[in-house]
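Lifted from Swiss-Prot, the feature list:
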BINDING   D11, R192  substrate binding site
BINDING   E33, D62  Mg(2+) binding site
SITE      K64  site 'Transition state stabilizer'
SITE      D67  site 'Transition state stabilizer'
Amino acid sequence: MSLPMLQVALDNQTMDSAYETTRLIAEEVDIIEVGTILCVGEGVRAVRDLKALYPHKIVLADAKIADAGKILSRMCFEANADWVTVICCADINTAKGALDVAKEFNGDVQIELTGYWTWEQAQQWRDAGIGQVVYHRSRDAQAAGVAWGGADITAIKRLSDMGFKVTVTGGLALEDLPLFKGIPIHVFIAGRSIRDAASPVEAARQFKRSIAELWG
């Protein structure tokens with residue numbers, strides 16, 4: 001089983017704020033996510049600028065595309081994104097359109113599982129050639145005190161068994177990682193637990209060490 005990658009979510013409102021994080025920890029992570037908040041705040045230039053600074057890193061545009069899949073994904077890929085996200089409630093043709101464009105750029109599409117979705121939809125995504133999903137505990141759910149539970153682990157295992165590469169996100173803390181041991185997680189996303197740590201560098205390194213211990 002390969003080691004899960006570590007992704008930092010830049011859900012900053014400005015590039016200046018995002019750079020405060022990347023200057024410290026860009027070299028400690030595998031994937032740099034231009035979070036939805038940053039996408040809205042700064043547009044696709046955020047993707048372009050971060051990829052120019054870190055060409056050796058995977059840069060994800062977390063656009064959560066809901067419609068106009070070809071247009072929006074092309075905007076992201078022309079800004080040199082490696083991956084883009086499509087929200088799970090989008091029509092299957094939106095996801096297909098985004099994937100078609102991704103292939104032109106040797107990129108990839110992730111389905112963001114935020115909110116309601118069904119296993120029938122999951123099968124449609126696989127049938128369409130989608131290979132990545134993001135299992136997401138929402139920011140608002142976290143704020144309401146919703147913790148990771150057995151239902152989450154069962155769903156993640158089932159998605160993996162379907163052939164998806166699964167990314168896990170949603171207020172992920174270091175102590176949560178053992179919950180997922182034994183599952184071939186593709187990526188763990190850490191946002192505030194790294195960005196807001198007293199030492200973001202050490203926080204990122206702790207995540208990497210724990211991943212190596214649990215999946216190595």
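Using N, Cα and C of the backbone, Cβ positions are placed for all residues, glycine too.
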Other CB atoms within 10 A, centred on R192 (substrate binding site): 14
Those residues of the chain, 6+ apart, with a Cβ under 8 Å from that of K64 (site 'Transition state stabilizer'): T36, T85, V86, I87, E112, T114
Cβ neighbours within the same chain of D11 (substrate binding site) - under 8 Å, at least six residues apart: G35, T36, I37, L38, G191, R192
Least surrounded among the recorded positions, given as E33, D62, D67, when other CB atoms within 10 Å are counted: D67
E33 (Mg(2+) binding site) in three-state DSSP notation: strand
